[in-house]
Amino acid sequence: MVTIQADEISNIIRERIEQYNREVKIVNTGTVLQVGDGIARIHGLDEVMAGELVEFQEGTIGIALNLESTNVGVVLMGDGLLIQEGSSVKATGKIAQIPVSEAYLGRVINALAKPIDGRGEISSSEYRLIESPAPGIISRRSVYEPLQTGLIAIDSMIPIGRGQRELIIGDRQTGKTAVATDTILNQQGQNVICVYVAIGQKASSVAQVVTTFQEKGAMEYTIVVAETADSPATLQYLAPYTGAALAEYFMYRERHTLIIYDDLSKQAQAYRQMSLLLRRPPGREAYPGDVFYLHSRLLERAAKLSSLLGEGSMTALPIVETQSGDVSAYIPTNVISITDGQIFLSADLFNAGIRPAINVGISVSRVGSAAQIKAMKQVAGKLKLELAQFAELEAFAQFASDLDKATQNQLARGQRLRELLKQSQSAPLAVEEQILTIYTGTNGYLDSLEVGQVRKFLVELRTYLKTNKPQFQEIISSTKIFTEEAEAILKEAIQEQRERFILQEQAA
């Protein structure tokens, strides 16, 4: 028979009492009243904060956006098909944040920073809030370094600087994405990290962009954030902020970044959908009252940081789609007023075969020549003036039949300059090549050629200079000035190439 010893029992009881943890864990919970269309109404969640993440019983995450007296309106970050009425919801005490690290370079991710390219998990130990405050006035400095796009029309007349926000605006199918992707391709070797955010696009279009980046070797310095047209509105709304958080991570590490939002019209539509389903009062074009703040808080995060913060930069190229050229609609006017200039793409120019279809007359960069190297300033001033005069004369020449010789010459020069601005897609030009192209056109060296021969001649001239006179490129890249020596080399090369070209044409 086992003897029961009282002191042993009392020791065990004493130990258990000492181990007893009196911590009380308070969980803020609620119950699903209604769910559907990506929105859930929750009863309870008394302590929930605006923008806080909430977790449903079956694992779906949502964001508490509407805090009303009787219930909480939550937008779902998923389809929410398994959420049932009456199931429980708990507040997480966190607001939306994503992991960030160098390992994201070369990957395709979604708005929650989860990889969607089938290449496994991304290791990361650091987190950043999706919504971070923009740098203040003291944290910034004015934009002064150029960010070359590789497109002559932009780099010469609508220059973009590091830390600038330049809107790309135009109708559908006018080449907006092409301008943005060419800019990314041109950052090769420039030590610029690129983030391309695709919002509400066809999956096939995003796949095409990613393939282009891979073929041209641009993926190694690029992150693609994609939420396609079949994604929930919540994720389409969050995607740009995810991209901005990733770009900021590099910016605060003294790196230069370029971010493209393609496009903000789709983000505004997703936000409108969420707001209307949450029964927020609609305003102009049925957008909610805070749609301006939606874009301003996103675009204000682009900055050129002060020397104290390491002089990193984040350049933003938001894209906005217009309906039949109407820039006075709500979203276009909002984004125009937030950004530091706009590149306007015209359907008429596109259909006339002028590509990139940039309407130089109404496009503008509010940073201006501060974002150009001296060599480009030296040759580009004349180009803008001559093109403006040509546009005026061309309209006038449609009505006048007998034009004097000077006007005819100016029209002929203008046609050749317009030809010089045409570029193939995915073929950005280095700044040295742009300078020689513009110089050749503005100084009349193309006047003797037929309009149809201009592009062929320029391609051959660029190749000739690269192989036979590499010192031209060396002078421009080292001094950033179009020196007399560089001009002499260029004149000589143009002369030699013209003679060769004329002989070739005669032989043909």
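Every residue gets a Cβ built from N, Cα and C, even glycine.
Copied over from Swiss-Prot:
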- Gly170, Asp171, Arg172, Gln173, Thr174, Gly175, Lys176, Thr177: ATP binding site (BINDING)
- Ser363: site 'Required for activity' (SITE)
Statement: In the three-state DSSP scheme, Gly170 (ATP binding site) belongs to strand
Query: If you skip the near sequence neighbours and keep only those at least six away, which residues in the chain come within under 8 angstroms of Thr174 (ATP binding site), Cβ to Cβ?
result: Leu345, Ser346, Ala347, Phe350, Ala357
- prompt: What is the number of other Cβ atoms found within 10 Å of the Cβ of Ser363 (site 'Required for activity')?
  reply: 21
- request: Round to a whole number and give the Cα-to-Cα distance in Å for the pair Lys176 (ATP binding site) and Ser363 (site 'Required for activity').
  value: 13
- request: Taking the Cβ of Gly170 (ATP binding site) as the reference point, list residues of the same chain whose Cβ is under 8 angstroms away and which are at least six residues distant in sequence.
  value: Lys176, Glu321, Thr322, Phe344, Leu345, Ser346, Ala347, Ala357
Field: Cα separation, Ser363 (site 'Required for activity') to Thr177 (ATP binding site) (Å, whole number)
entry: 17
For Gly175 (ATP binding site), the three-state class that DSSP assigns: coil
Task: Within the same chain, and leaving aside Gly170, Asp171, Arg172, Gln173, Thr174, Gly175, Lys176, Thr177, name every residue whose CB is within 8 angstroms of the centroid of the CB atoms belonging to the recorded ATP site, in sequence order.
output: Glu321, Leu345, Ala347, Phe350, Ala357
Field: Cα distance (Å, whole number) from Gly175 (ATP binding site) to Ser363 (site 'Required for activity')
entry: 15
Cβ-Cβ neighbours of Thr177 (ATP binding site) (radius 10 Å): 22
- request: Mind giving me a neighbour count for Arg172 (ATP binding site)? Other Cβ atoms within 10 Å of its Cβ, every protein chain shown.
  value: 12
In three-state DSSP terms, the structure that Ser363 (site 'Required for activity') belongs to: coil
Message: If I restrict to non-local contacts, at least six residues apart, and a C-beta distance under 8 angstroms, what lies near Gln173 (ATP binding site) in its own chain?
response: Ala347, Phe350
Message: Counting Cβ atoms within 10 Å of each candidate's own Cβ, which of the binding-site residues Asp171, Gly175, Lys176 comes out highest?
response: Lys176
